[in-house]
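Enquirer: As annotated in Swiss-Prot:
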BINDING   C52, C55, C59, C89  [4Fe-4S] cluster binding site
BINDING   U193  W-bis(molybdopterin guanine dinucleotide) binding site
BINDING   T393, K395, K398, L428, N430  Ca(2+) binding site
DISULFID  C852-C879  disulfide bond
DOMAIN    45-103  domain '4Fe-4S Mo/W bis-MGD-type'
SIGNAL    1-35  signal peptide
Amino acid sequence: MLIKRRAFLKLTAAGATLSAFGGLGVDLAPAKAQAATMALKTVDAKQTTSVCCYCSVGCGLIVHTDKKTNRAINVEGDPDHPINEGSLCAKGASTWQLAENERRPANPLYRAPGSDQWEEKSWDWMLDTIAERVAKTREATFVTKNAKGQVVNRCDGIASVGSAAMDNEECWIYQAWLRSLGLFYIEHQARIUHSATVAALAESYGRGAMTNHWIDLKNSDVILMMGSNPAENHPISFKWVMRAKDKGATLIHVDPRYTRTSTKCDLYAPLRSGSDIAFLNGMTKYILEKELYFKDYVVNYTNASFIVGEGFAFEEGLFAGYNKETRKYDKSKWGFERDENGNPKRDETLKHPRCVFQIMKKHYERYDLDKISAICGTPKELILKVYDAYCATGKPDKAGTIMYAMGWTQHTVGVQNIRAMSINQLLLGNIGVAGGGVNALRGEANVQGSTDHGLLMHIYPGYLGTARASIPTYEEYTKKFTPVSKDPQSANWWSNFPKYSASYIKSMWPDADLNEAYGYLPKGEDGKDYSWLTLFDDMFQGKIKGFFAWGQNPACSGANSNKTREALTKLDWMVNVNIFDNETGSFWRGPDMDPKKIKTEVFFLPCAVAIEKEGSISNSGRWMQWRYVGPEPRKNAIPDGDLIVELAKRVQKLLAKTPGKLAAPVTKLKTDYWVNDHGHFDPHKIAKLINGFALKDFKVGDVEYKAGQQIATFGHLQADGSTTSGCWIYTGSYTEKGNMAARRDKTQTDMQAKIGLYPGWTWAWPVNRRIIYNRASVDLNGKPYAPEKAVVEWNAAEKKWVGDVPDGPWPPQADKEKGKRAFIMKPEGYAYLYGPGREDGPLPEYYEPMECPVIEHPFSKTLHNPTALHFATEEKAVCDPRYPFICSTYRVTEHWQTGLMTRNTPWLLEAEPQMFCEMSEELATLRGIKNGDKVILESVRGKLWAKAIITKRIKPFAIQGQQVHMVGIPWHYGWSFPKNGGDAANILTPSVGDPNTGIPETKAFMVNVTKA
């Protein structure tokens, strides 16, 4: 047998390693034999490439599958992949065991109302029965007109959550099917992890995505890691952090705990969880006072010069326009003064007393070091060191980046946490540049893609706003969401909204005209929230009858888990689609549950793991990467895409036979676009639909399209309904040239190679642009501010941009006739320092978490975010002596999310077998707790046990003259498995949320800790 190079290297490496250990006197003969056998097995195996299914770094995998058994025999890192270069974290390295796992249910499971056990059922019985339940509940709860007489065509009785664990193509048909049924309660992981990111970055820059990409971290001069712990939670990203350090970059970590990330940093500063805005606003004050801002950038690329209207005011933590009864702002008070053409008035000297720059100087003057230190618990000298180091990147040839995650997002001020740093990055000129950006570390393999494809109640794919009751016609819908600008230098890219919305609607109902098809879309009630916390509150109140939990475990993942679990008992039926049984599917047999009293009918559908199916996922850096089938789905598991297709076809058949209320959206849904000639899910056909194709012949400029031809770029989409595009930002991903996401070409120009763009490896949205807002990396004539790491440059002789795909094809801004401004997704073309579109203020303001250890703070008399989402029936602990300690949740390297997949993977479970609570030595002494003791953590909402870990890595904080203790717990556990592993951390967390997105505040709440 010929041994290929890769197998030969494996054999020799294994032999060398085992020889070394053999020299220690250890008998390694069995291990040698096993290693040799495994290496030889992979030589003749089918080899496919895939992408890791855990965090959103997007590491490449090579999967070896036995050709005879069609089972995986080995999964390893792909050495050719430019992100991970063959390396994997513990979770990625365990992928083989995830697939080849005896704990995966072999067949669908059914739990009858009142039953205390599962029973196996056939797939046909399950799918037919679920389809019947869907059709029956839809008919019973379908609202054609609301109380005002407005046509809404909405199904109020069914909700669905999930899933960032699905491929893009599965996500798209999933949302299409749900919306055809009339669902508005559509939510998934993004709401409770990074919804704050989208709202903050879209307000600041125009798009809600990570601005740069993982490899680009190596180009940074200073990396600030705050609200994140990348060394443990995104380990392969840290490869690129260390590349930057090797080149001389300064690494900074600001975090409540001293972690593995901290150990590699030049500066570590402790900070009380929930006090980030004070720290970041202090940095803004420092930049402004010391004049460390990049003035040309601030004047030319931001709205610093915009003059704010006379209605703006701010006093004691409240902006103008606040209504105490409704707890909302009249945001018109925050608007800009405008000229006769409707364009904002500007003062480029930045001297006008009401220009944004001057308003900012006034707003931030309160944030002095003494107050910041007193509320954050961070020593003043460390605050100054962080500010000095990071603000040095305000020079044209320097770049600083921020890496953040749940530590910023999961707060009632989550959006403003991110806005605060977004503002600092603009002041320092760090947006659009190599080594800069605001980089959101997403924690689900495809949470970027699932959000792009509209798996949330408020957006359709491509971030198109959803329809509401007050928008009865398609014409009014496009008018509402299409901004108008008369500024000739503003690209105002969202003016193309009608092209994108028409193409989306036509992807679902190509045979209906736009007005008719728009009528099929469900219309939410104006002013009503349908997001995660409200969804489960409505379920708790018995308003929701049927529920899909698709690739998600809300009984553990949502805030106030006891409330969520109780809400599930109020359902008529629930469908749980997952790889393993879990706390959601089996809620009826969980703690404090009496199955006999629970009437919820439960259907558990076992699905395929990532390496068992084909399709694309999009990582945090917006790279859309194609995965191929390795092993077949284990036993009788079925891929999500096929499940969606089967359910959609069955419901269509039922409604075709007995139409009931408005059957047309379901029966006319073009499911033919989803399947191959055999009627099975076809990821390639759906990827082509997402890209978009011509429905009839037409011409754009010199480009002619024939009906059925793939659209090359979203600039060619049409507003008249002659094109499809399931998600306009993905147009260009699957063209007549083929599947761009499947590309593996590492060729680069010298300019691209300097910063590691890899434009031929897979495809990035939009239009394969790797660093968004990149025209802000050059001066007004198109010359790079940092020539040694240029992203784009204007070639005046050839009249074109070189380097990355420019963020807009126009000439530089100095060309007053043809040039356009850099931030094309904002109406005026400028990035927003001052953002009047958010619910809680145009500038970040400090507020305490809804549960906190203080009754006042030094910045204003307003303690909490006055617009935060909360429920009047739920108690909160503010300076409550029963709950004296701050608690925060976090992750460990070996587990992922609620632990549903990793707790069922023996290698990983062995490393982190049960719930623990980290606490300081001082707190342990105070409570008489020793290392390894069992302790009880209790909040207003519930209690759980954990094993105590006493550590020097957590220290008490000095907060306003008093000592405040903090404890930390991982959120990966649940009662169902393993036995004695502990329960969900979210039993303790509050159902309160950010007013912009409803993301829950699970990173700062109050508990008591006692020895069990």
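Cβ atoms are placed via backbone N, Cα and C, with glycine included.
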Enquirer: Determine, for the Ca(2+) site, the additional residues of the same chain whose CB lies within 8 Å of the mean position of the CB atoms of T393, K395, K398, L428, N430; present them in sequence order.
Expert: D221, V222, F294, C391, A392, G394, P396, A399, G400, G429, G436
Enquirer: If you draw a 10 Å sphere around the Cβ of L428 (Ca(2+) binding site), how many other Cβ atoms fall inside it, taking every protein chain shown into account?
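Expert: Taking all protein chains shown, L428 (Ca(2+) binding site) has 27 Cβ neighbours within 10 Å.
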Enquirer: Indicate the candidate from C55, C59, C89, C852, C879 with the smallest number of other Cβ atoms within 10 Å of its Cβ, considering only these recorded positions.
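Expert: If we count Cβ atoms within 10 Å for the recorded positions C55, C59, C89, C852, C879, the smallest count is at C879.
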Enquirer: For the domain '4Fe-4S Mo/W bis-MGD-type' (45-103), provide the mean pLDDT of the predicted model.
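Expert: The predicted confidence over the domain '4Fe-4S Mo/W bis-MGD-type' (45-103), as a mean pLDDT, is 98.
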Enquirer: Distance between C59 ([4Fe-4S] cluster binding site) and U193 (W-bis(molybdopterin guanine dinucleotide) binding site) at the Cα atoms, whole Å?
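Expert: Answer for this pair: 20 Å between alpha carbons.
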Enquirer: For the binding-site residues listed here (K395, K398), tell me which residue's CB has the most neighbouring CB atoms inside 10 Å.
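Expert: Neighbour-count leader: K398.
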Enquirer: Quick check for the class: what is the C-alpha distance, in angstrom and rounded, between C89 ([4Fe-4S] cluster binding site) and K398 (Ca(2+) binding site)?
Expert: 31
Enquirer: Among C52, C55, C879, these being the recorded positions, pick the one whose CA is nearest to that of T393 (Ca(2+) binding site).
Expert: C55
Enquirer: Roughly how many Å separate the Cα of C879 (disulfide bond) from that of C52 ([4Fe-4S] cluster binding site), to the nearest whole number?
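Expert: Between the alpha carbons of C879 (disulfide bond) and C52 ([4Fe-4S] cluster binding site) there are 44 Å.
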Enquirer: What is the nearest of the binding-site residues U193, K395, L428, N430 to C52 ([4Fe-4S] cluster binding site), using the Cα of each?
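Expert: When the Cα distances are compared, U193 comes out closest.
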Enquirer: Could you check what DSSP calls C852 (disulfide bond) once collapsed to helix, strand or coil?
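Expert: DSSP assigns C852 (disulfide bond) to strand.
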Enquirer: Between N430 (Ca(2+) binding site) and U193 (W-bis(molybdopterin guanine dinucleotide) binding site), what C-alpha distance do you get in Å?
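Expert: Cα to Cα, N430 (Ca(2+) binding site) and U193 (W-bis(molybdopterin guanine dinucleotide) binding site) are separated by 25 Å.
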Enquirer: Tell me the residue counts in helix, strand and coil for the domain '4Fe-4S Mo/W bis-MGD-type' (45-103), as DSSP assigns them.
Expert: 9 helix, 18 strand, 32 coil
Enquirer: If you count Cβ atoms within 10 Å of each one, which of the binding-site residues T393, N430 comes out on top?
Expert: N430
Enquirer: Check the Cα-Cα distances from C852 (disulfide bond) to the binding-site residues C55, U193, K395, K398, L428 and tell me which is shortest.
Expert: U193
Enquirer: I'd like the number of other C-beta atoms within 10 A of the C-beta of U193 (W-bis(molybdopterin guanine dinucleotide) binding site), please.
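Expert: Taking every protein chain into account, the count is 25.
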Enquirer: How many whole Å apart are the CA atoms of K398 (Ca(2+) binding site) and the residue listed as 'W-bis(molybdopterin guanine dinucleotide) binding site'?
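Expert: Checking the Cα atoms of K398 (Ca(2+) binding site) and the residue listed as 'W-bis(molybdopterin guanine dinucleotide) binding site' gives a distance of 31 Å.
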